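First up is the structure itself, then whatever we jot down about it.
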Amino acid sequence: MANIVLLHLVNLFLIVEVVIKGTKMGVEALSMDYYVTRCPFVESIVRNTVNQALQNDPTLAAGLLRMHFHDCFVQGCDGSVLIDSTNDNTAEKDSPANLSLRGYEVIDQAKQAIEGLCPGVVSCADIVAMAARDAVFWAGGPVYDIPKGRMDGRRSKIQDTIALPAPSLNSSDLITAFGQRGFSAQEMVVLSGAHTLGMARCSSFKNRLNKFNSTHDVDPTLDSNFARILTRTCTAGDNTAVPFDWTSTNFDNAYFNALQLGGGVLTSDETLFMSARTRGIVNAYALNQARFFFDFSQAMVKMGLIDVKEGSQGEVRSSCRKIN
């Protein structure tokens with residue numbers, strides 16, 4: 001009972017925070033109850049669709065969470081990552097940075113069900129944000145609510161994905177990249193904790209292994225035993241996947257524990273522990289999972305407000321894969 005009360009208090013706090021921050025960021029049209037009268041069943045439709053998909057394939061939780069991040073960091077949270085390429089335009093999803101994204105079919109399924117009840121009302125951008133939230137909770141992470149009312153963007157171009165932080169960035173670069181979107185170093189670290197779910201392909205970190213990069217030895221920030229495991233695994237090819245931590249389908253703080261042991265898979269992971277500017281934050285989340293959950297919830301709500309389109313700035317797509 002005490003845990004339930006605490007969760008309700010956290011939700012109440014987040015709601016107050018979102019109202020305050022939303023007003024400051026110029027997204028007054030967004031609200032927690034945006035669809036209460038417009039499409040009252042949207043939350044349950046998205047949640048049920050996500051839960052069913054994750055029961056069949058738990059690894060999709062990471063995909064849905066990553067999709068929201070990759071959407072918001074490019075042209076804002078506007079569903080642009082969902083748009084298919086055409087003969088005269090190569091869209092975001094076909095960028096090398098997005099080729100490993102998964103879960104598009106889950107968004108399509110939710111959208112189709114929603115359109116059957118409330119045509120032209122619920123944006124794809126909102127569905128992506130809700131699906132990420134529901135995936136986090138399904139995987140054992142924190143419960144939190146998000147404001148709704150985003151419009152879908154009308155632009156999706158491969159060149160815009162240069163805004164996505166590369167896996168080779170160091171801590172200073174990451175602080176700069178996230179800072180340009182209004183995030184502090186602490187918020188950058190906690191959002192990096194999303195890597196507690198999912199896998200990384202060998203192509204994104206094999207430069208740290210001397211077998212695949214003759215210009216240097218094994219990255220000294222890697223645990224030597226872990227480096228040998230990665231090297232052996234990646235002989236199977238660039239698309240071979242390695243989990244970020246030992247509980248890759250559970251949302252927990254094991255990612256931060258792995259960083260402390262020299263087990264960060266990507267350069268952008270391990271640099272968080274190696275840098276004096278962020279090591280203390282990593283240690284705090286490794287020690288206290290509840291603190292990680294609370295801060296992650298707040299950072300996710302804030303991320304969902306990046307460059308939100310409102311009113312005539314966007315549209316509600318009838319299909320998430322193409323502009324109306």
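The count begins at 1 with the first shown residue.
Backbone N, Cα and C define each Cβ position, glycine as well.
Bear in mind that TrEMBL entries carry predicted annotations, made automatically and left uncurated.
The signal peptide annotation in TrEMBL covers 1-29.
The domain 'Plant heme peroxidase family profile' annotation in TrEMBL covers 29-324.
Taken from TrEMBL, the feature disulfide bond applies to C39-C118 (among others).
Marked as site 'Transition state stabilizer' by TrEMBL: R66. Cβ neighbour count for R66 (site 'Transition state stabilizer'): 22 (other Cβ atoms within 10 Å of its Cβ, all protein chains included).
In sequence order, V81, E92, A97, N98, L101, T161, L164 make up the list of same-chain residues 6 or more apart from H70 (active site, proton acceptor) whose Cβ falls under 8 Å from its Cβ. Look at TrEMBL and you will find H70 tagged as active site, proton acceptor.
As annotated by TrEMBL, Ca(2+) 1 binding site applies to D71, V74, G76, D78, S80, E92. Sequence-distant contacts of S80 (Ca(2+) 1 binding site), defined as residues of its own chain at least six apart whose C-beta falls under 8 angstroms from its C-beta, comprise D71, V74, A91, E92, D152, G153, R155, S156, D160.
The local packing around C72 (disulfide bond), expressed as other Cβ atoms within 10 Å of its Cβ over all shown chains, amounts to 27. For C72-C77 (among others), the entry in TrEMBL reads disulfide bond.
Using a 10 Å radius centred on the Cβ of C124 (disulfide bond) and all shown protein chains, the other Cβ atoms total 30. Per TrEMBL, the feature disulfide bond maps to C124-C320 (among others).
Sequence-distant neighbours of P165 (substrate binding site) (same chain, six or more apart, CB under 8 Å from its CB) are F73, D173, L174, A177, F178, S268, listed in sequence order. What TrEMBL lists as substrate binding site is P165.
According to TrEMBL, the heme b binding site annotation covers H195. Other C-beta atoms found within 10 angstroms of the C-beta of H195 (heme b binding site) number 26, with every protein chain shown included.
In the structure as shown, the Cβ atom of T196 (Ca(2+) 2 binding site) sits within 10 Å of 31 other Cβ atoms. Positions annotated as Ca(2+) 2 binding site by TrEMBL: T196, D245, D252.
Residues or ranges marked as disulfide bond in TrEMBL: C202-C234 (among others).
If you compare Cα positions, T196 (Ca(2+) 2 binding site) sits closest to C72 out of the recorded positions C72, D78, C118, C320. Within 10 Å of the Cα of D78 (Ca(2+) 1 binding site), the following disulfide-bonded residues from the list C39, C72, C124 place their own Cα: C72, C124. Proximity note: of the listed recorded positions (R66, D245, C320), R66, D245 have a CA within 10 Å of the CA of H195 (heme b binding site), given in sequence order.
When the Cα atoms are compared, C124 (disulfide bond) and D245 (Ca(2+) 2 binding site) turn out to be 31 Å apart.
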